[in-house]
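The feature disulfide bond is assigned by TrEMBL to Cys80-Cys90, Cys95-Cys101. The annotation signal peptide is assigned in TrEMBL to 1-20.
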Amino acid sequence: MANLASFHILFLVFITSGVAVSTTEFTLQNNCPYTVWPGTLTGNGGNTLGDGGYQLNPGASVQLRAPPGWTGRFWARTGCNFDSSGHGNCVTGDCGGVLKCAGAGGVPPVTLAE
């Protein structure tokens with residue numbers, strides 16, 4: 001009888017693990033010898049990963065977890081200068097003159113990952 005109980009528990013584990021929801025993790029790494037400011041936008045009104053933008057120093061990386069069904073884009077901004085309130089501009093990939101992009105994509109020249 002113990003074998004039958006073990007089978008039911010094992011079967012339940014397989015069933016519940018099949019419906020588990022998982023996230024996707026993106027790793028953004030700066031391999032450039034200069035600082036970049038990744039910009040992020042969501043494409044479906046969901047969570048904006050990385051608060052929309054941040055500074056990424058040379059050799060640094062960041063992991064961003066996207067919820068199931070997330071869509072969006074990432075791009076690197078260069079030559080940026082922001083004040084303490086997050087206002088400024090970037091030479092490439094600017095998104096409305098702010099550190100944390102909100103609704104504005106990267107202004108060309110820019111390469112997007114979607």
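The first residue you see is number 1, and the count goes up from there.
Cβ coordinates come from backbone N, Cα and C, glycine included.
Cys95 (disulfide bond) sits 11 Å from Cys80 (disulfide bond), counting Cα to Cα. Fewest other C-beta atoms within 10 angstroms, among the disulfide-bonded residues Cys80, Cys90, Cys95, Cys101, are seen around Cys80. Cys90 (disulfide bond) sits 12 Å from Cys101 (disulfide bond), taking the CA atoms of both as reference points. Across the structure, Cys80 (disulfide bond) and Cys101 (disulfide bond) are spaced 13 Å apart at their Cα atoms.
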